Amino acid sequence: MEKNHRDEAISSFINNSAGNRPTMLPAALPLMTYDQFLVFHLCVSPITIAICTFGIFSNTVNIVVFYKMGLTSASNISLFSLAIADACSVSAILLISFQENFYDSHLPMTMGDVALLTSHAFYFFSAMCSWITTIISMERACCIIYPMKVKQIFTPRNICAMITAMVIYQIATGFPKSLTTGLTRTISPLTNKTITIFDFSKFDRYMYTTSQFISFSVPNLICFIIALVATIFFIVNFKQSRQLRKTMSGSGEKSDKMSDKDARLIRLVILICIIYIVGTAPNTLLFLLQATYRPLNRAVVYIGNFYHALTIVLNFFQATASSVNIFVYFRLGSKFKETFKVIFLCKAN
């Protein structure tokens, strides 16, 4: 009984203070009750938190190793930047996954607002992961299609310029969201204490939705399609190359070694793209469902908690995709493995 009163008080507080703000705790006839959502959260979020913790560690290792290898090649710059974006992305997911555990802690800021604040960082770095993965896949595709021109197109300077342009784009398109809200102080009906919440009195839903669409949904959808097409192209080309090598005879040892090196690079990019596709597919599917079925959002009372449960699943997939690249580097990157041993195991080359 006390639990129901608490839920009603929180829902009333959110609705009254936020106007049109999305509510995470719908009050009437929910598809998923708050208790059901809490059980689901307690089952999934600890796994996500463990994956995020590992992801921060693994991407920190990636950053150190790629920096030690030198940022003089286009591939190293791309992979170094991807590791930074992945580390920041899993850090944001870690904070979001923790926030549900502190609803009753009477902190000076509501956890829903903390999650909303952290989500802006997650959207930014998630989009950057998509952009950088696209650069990596396009570079390898150009190596196959235009092998004589790829070094002129994907120079270290051009890679840095492209990543910088993407950062500027994400800031420019994501910044308008912050203009629709501000922070304000109010009295919590649960604790009678002054807390900080987001002020939605000047909330512009059109500006927020447009900014979110341009800065996150569109880049992720475009990059997902490019990565999917590139992966199919790589797999087909890789199979054709293997068949061609089997039929050819008289190749020298040097050419065989070069072919093996190219094959490892193609396999590495294929695995990176597959990891990205698996991690991004649920988010892309949700975006397409929302585009065709407008009521599918957390502001609708009937499915508010269910939608929030979906975001927990999306965070799980995203965190996993941003944490496991280190296994690919160890499996297919001989120089990465050697540099890792020199740095962390104190083994000479």
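Cβ atoms are placed via backbone N, Cα and C, with glycine included.
Curation plays no part in TrEMBL annotations; they are all automatic predictions.
Because the structure is a prediction, the values reported are computed rather than measured.
According to TrEMBL, the transmembrane segment annotation covers 38-67 (among others). Long-range contacts of the transmembrane segment (38-67) within its own chain (CB-CB distance under 8 A, at least 6 residues past either end) are made by residues 32, 76, 79-80, 83-84, 86-87, 90-91, 93-94, 97-98, 100-101, 309, 312-313, 315-316, 319-320, 322-326, 329, 336, 339-340, 343-344.
What TrEMBL records for 58-329 is domain 'G-protein coupled receptors family 1 profile'.
The feature transmembrane segment is assigned by TrEMBL to 79-98 (among others).
What TrEMBL lists as transmembrane segment is 118-138 (among others).
Residues of the same chain lying 6 or more positions beyond the ends of the transmembrane segment (159-176) and with a Cβ under 8 Å from any Cβ of it are 74, 77-78, 81, 120, 123-124, 127-128, 131-132, 135, 207-208, 210-211, 214-216, 219. Residues or ranges marked as transmembrane segment by TrEMBL: 159-176 (among others).
The transmembrane segment feature in TrEMBL is assigned to 213-238 (among others).
According to TrEMBL, the feature transmembrane segment maps to 265-289 (among others). Tertiary proximity for the transmembrane segment (265-289) is limited to same-chain residues at least six positions away from its ends with a CB under 8 Å from its CB atoms, namely 129-130, 133, 136-137, 140, 143-144, 217, 220-221, 223-224, 227-228, 230-231, 234-235, 237-238, 296, 310, 313-314, 317-318, 320-322, 324-325, 328-329, 332-333.
Residues or ranges marked as transmembrane segment in TrEMBL: 309-330 (among others).
Per-residue pLDDT, averaged along the domain 'G-protein coupled receptors family 1 profile' (58-329), amounts to 82 for this model.
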